[in-house]
Every structure is written in C-alpha cells, then in structure tokens.
Amino acid sequence: MNYISTRGAGIGERHTFSDILLGGLAKDGGLYLPNEYPKVSADELARWRALPYADLAFEILRKFSDDIPDEDLRELTRRTYTAQVYCNVRDEENAAQITPLKTLGVEGGAPLSLLELSNGPTLAFKDMAMQLLGNLFEYTLAKHGQTLNILGATSGDTGSAAEYAMRGKKGIRVFMLSPHKKMSAFQTAQMYSLQDPNIFNIAVEGVFDDCQDIVKAVSNDHAYKAQQKIGTVNSINWARVVAQVVYYFKGYFAATKSNDERVSFTVPSGNFGNVCAGHIARMMGLPVEKLVVATNENDVLDEFFRTGIYRVRKSAETYHTSSPSMDISKASNFERFVFDLLGRDPQRVLQLFRDVEEKGGFDLQASGDFARVQEFGFVSGRSSHDDRVDTIRDVFEQYDTMIDTHTADGVKVAREHLQAGIPMIVLETAQPIKFGETIREALEREPERPAAFSGIEDLPQRFEVLANDAERVKAFVAERTR
Ligand SMILES: *Cc1c(COP(=O)(O)O)cnc(C)c1O
C-alpha cells in the first residue's frame with residue numbers, strides 16, 4: 001500500500017502507512033490517501049460478519065498498513081478495542097460489542113437505529129479512532145527511538161479524546177490549549193482532572209480561536225517545531241480516518257442478516273472525517289445505499305451536496321450552536337472526497353483548493369462533476385437548534401432513548417432520507433451528558449450520567465493558565481521537553 005497526496009506530491013515516491021502516521025498535511029498541502037482502495041471480497045465479507053470488533057479492526061487495518069507486521073497489529077487492535085476501554089455502555093449486556101446497535105423502531109418502512117460510538121473514555125465518537133492512534137503512536141515511536149510532543153487546541157471533544165488516548169504513553173507528551181473558563185464544567189473536569197505527568201492542560205486567557213491561532217503560529221515556526229518535535233492529532237490524520245472505517249462494517253453486520261442487503265448511514269458531520277470513513281468503506285465494497293451528511297446551522301457541506309457549490313465561511317459567519325462539535329467554517333477532510341469525485345485528478349484538486357484559498361470556494365455544478373455525487377451515494381440535510389430540541393424530545397417520548405444534540409441533528413436529517421426496506425443507521429457521536437443544557441431545555445430533566453463520571457467536577461484539577469501569547473506557550477513547552 002502506497003500513499004499519495006490529493007494534490008499530486010508523492011506519485012512515484014514510496015510513502016508507507018507508518019511514514020504518514022505521525023505527520024499532517026502532505027508537503028504540497030494536500031491530504032494523504034492510498035493509491036487505490038483495497039477491495040473486500042464476498043468471501044471476506046462473509047467471514048468478517050462473525051468477528052469481534054478488535055479482530056474486524058485488524059482485518060480492515062491490515063489492508064491499509066501492510067508495513068506493520070500482522071502479529072503487532074493484532075496485538076495493538078486487541079489492546080485498543082476492549083470492553084474495559086469502551087465501558088460506558090447504557091446496557092451492560094452490550095459491553096462486548098464495542099459499538100452496539102440500538103434499534104429505535106420502523107419509520108416509513110425503514111428500520112431506524114443508532115450505532116453507539118460514544119461508549120469510550122470521553123463519551124464521544126472521537127475515542128474510536130484516537131485510542132488506536134495512541135497505541136499506534138507509542139508503537140511506532142518506540143520502534144524508531146523517537147519522541148513526540150503533541151500540541152493542540154480544543155473547545156472540548158477532540159482535546160479530551162487526545163488526552164485520554166495519550167495519557168501514560170511512552171515517548172509522548174500532550175500540550176492542549178483550551179479557552180480559560182469557556183468550557184462547560186463537565187468538559188473542563190474531564191480534561192483538567194487528568195493527573196498524568198505527560199499531559200499538560202494549558203488554559204489560555206482568550207477564546208477558542210486564539211488557541212487555534214497559537215497552534216498555527218507555533219506550527220509555522222518550522223525551526224522550533226522540528227527542534228521540539230511538535231506534532232498534531234487533528235482530524236486530517238489518515239490513521240484516524242481509517243480507524244473509523246471499521247464501525248461502518250460493524251454497523252452493517254449488526255443491522256443485516258445477509259451480505260445481499262444494503263443499508264444507509266446518516267452521519268452528524270463537521271470536518272467530514274467520520275463520513276469520509278463511510279465513503280471509504282463503500283469504496284471497499286461495503287453494500288451502502290446512501291451516505292447522508294447531516295449538518296447543523298453551519299451548513300457548508302449541506303450546501304455543497306444540494307448545489308455543487310463549496311463555499312467556506314468566514315469566522316464571523318460561523319455560528320456557535322448547541323451541537324458545537326459540528327461548528328465548522330470549512331470541512332478539513334472534504335478534499336479527500338473531492339479527489340475521488342474528480343476521478344483522482346490531482347491537478348484539478350490543486351486548482352480547486354487554490355480557489356478555496358483565493359476566492360473562498362468553488363462551483364462544480366457547471367462543470368458537470370457534481371452529477372457524479374449520486375454515484376457515490378451522498379445526500380444531505382441540515383438541522384437547527386429547534387430541530388434538535390424537538391428531536392431529542394420526540395426520540396425520548398417515542399423510544400425511551402436519550403440522545404445528544406449532535407445525534408439529534410443526525411436523526412432529524414435521517415428521517416428526510418428514509419427508504420422503505422433499507423435499514424437507516426444513525427451514528428451516535430456523543431452521549432447526552434456532554435451537552436446537558438440542551439437536554440434540560442428539551443426534557444426538563446438531567447442528562448443520564450455514566451457511573452464512572454459521578455462527581456468528576458469535584459476532583460482536583462491540574463492546569464496552567466497562560467496569557468494569550470504564542471511566545472509564552474512556546475517557552476512553556478520548551479521548559480517541559482528539555
Ligand atoms: C467531531 C464530532 C462530530 C463531527 O465529526 P467530523 O468527523 O468532524 O465530521 C460530530 N459529533 C461529535 C460529538 C463530534 O465530537
């Protein structure tokens with residue numbers, strides 16, 4: 001398996017899975033993809049149906065990471081996908097499944113269900129990939145005798161998933177910037193209560209955008225970055241995307257009885273990482289009917305899938321919503337899909353994403369490329385705060401199931417794309433406790449809290465408050481990496 005950039009770099013060069021594991025963008029600014037998607041045969045699909053999650057993950061990942069010896073990869077996946085790690089299940093009986101499928105009911109002739117992806121340590125789907133990344137990073141760094149200092153900015157989900165994945169890992173430190181006093185008490189406690197010496201919470205006196213600007217400033221200081229061995233774990237990381245492919249297969253097997261059936265998935269989307277994994281599963285041969293992209297008021301992606309126009313938003317045009325992990329101005333993994341949509345033509349991808357930088361977007365309607373979107377199964381929809389509140393209430397009343405705001409966006413949009421006889425699987429991306437305010441608004445009651453999280457707000461917290469100043473952050477990191 002060789003990896004190439006969506007903008008053309010690396011064609012004719014050799015880039016293995018391990019080569020691109022620790023990096024971010026390709027050197028030409030593009031995103032890495034395999035030179036071709038591995039295909040799953042009918043025999044394999046039949047055999048995989050019975051596999052436990054960890055072994056299914058092994059079978060899928062080995063197709064993308066053939067430079068890691070099988071016995072090592074098997075050990076890594078078995079250590080990652082355990083009932084101990086994904087222990088925050090709503091129903092104990094499901095603990096061994098890692099991503100249980102919860103059937104809601106039949107609507108419009110279509111079985112409607114939720115694929116629970118948020119039973120990991122931080123109660124959001126990012127754990128599914130990040131936990132594997134922690135183990136892969138530790139393994140790869142040890143092999144090459146290297147260390148890594150991860151620098152990131154978070155307003156919640158990504159940062160805590162990264163910290164819980166990297167805590168206690170040899171050769172890795174995490175420096176996570178978050179806006180001082182701007183996160184919910186629950187999210188603050190989740191991150192700041194970690195006492196591991198390799199985890200550094202930095203509360204920046206500013207807002208989330210300031211934190212992101214500091215990370216950018218540090219990343220642009222190439223000498224510093226190289227000297228301090230700074231890396232990132234953002235959503236464009238290829239290993240994160242590929243780890244997410246696994247649960248599309250798992251969800252398919254749980255929702256069907258035979259491999260002749262087809263299913264649709266609805267994916268609450270922001271940076272297009274999650275649904276990009278669904279696209280890859282489909283390209284590998286998983287029988288997927290529709291991939292439904294659900295957005296909130298930040299509807300960059302819905303606009304594209306309805307009109308063929310991709311128009312990134314300015315930060316002033318980006319709404320702060322009650323499904324905050326989908327509040328994006330541009331979708332950082334979208335380029336991977338555009339590459340496939342355009343028949344893998346790196347010259348055109350390069351031109352289009354130059355247009356994004358220079359003109360704020362591009363239009364594929366006129367060129368006729370947009371018509372091909374259907375061949376890839378994509379459709380979309382958007383949801384608002386009122387839709388979320390209504391959907392949370394409705395799912396609770398009809399199905400006795402409490403869902404979070406992001407999942408509610410998914411259910412709302414899924415209902416607009418049901419097809420009789422085709423199971424619709426909505427990906428559950430977080431647990432309600434993380435977004436309690438909207439639960440209280442919708443249901444006039446407290447969100448369900450998994451047992452492991454009782455009283456976390458009262459635990460001692462470990463964090464450092466720093467001025468909104470990249471130089472100050474650089475000095476802080478340098479003092480701790482000597
Ligand atoms: C990150 C996140 C999303 C969006 O996923 P993308 O891969 O960025 O599209 C949706 N819901 C929750 C809860 C998230 O944390």
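From the backbone N, Cα and C atoms, a Cβ is placed for every residue, glycine too.
Copied over from TrEMBL, here are the features:
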DOMAIN    2-81  domain 'Threonine synthase N-terminal'
DOMAIN    98-346  domain 'Tryptophan synthase beta chain-like PALP'
MOD_RES   Lys126  N6-(pyridoxal phosphate)lysine
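The Cβ of Lys126 (N6-(pyridoxal phosphate)lysine) has 31 neighbouring Cβ atoms from other residues within 10 Å, across all protein chains displayed. Within the model, the domain 'Threonine synthase N-terminal' (2-81) shows a mean pLDDT value of 94, rounded to a whole number. Helix, strand and coil counts from DSSP across the domain 'Threonine synthase N-terminal' (2-81) read 33 helix, 6 strand, 41 coil.
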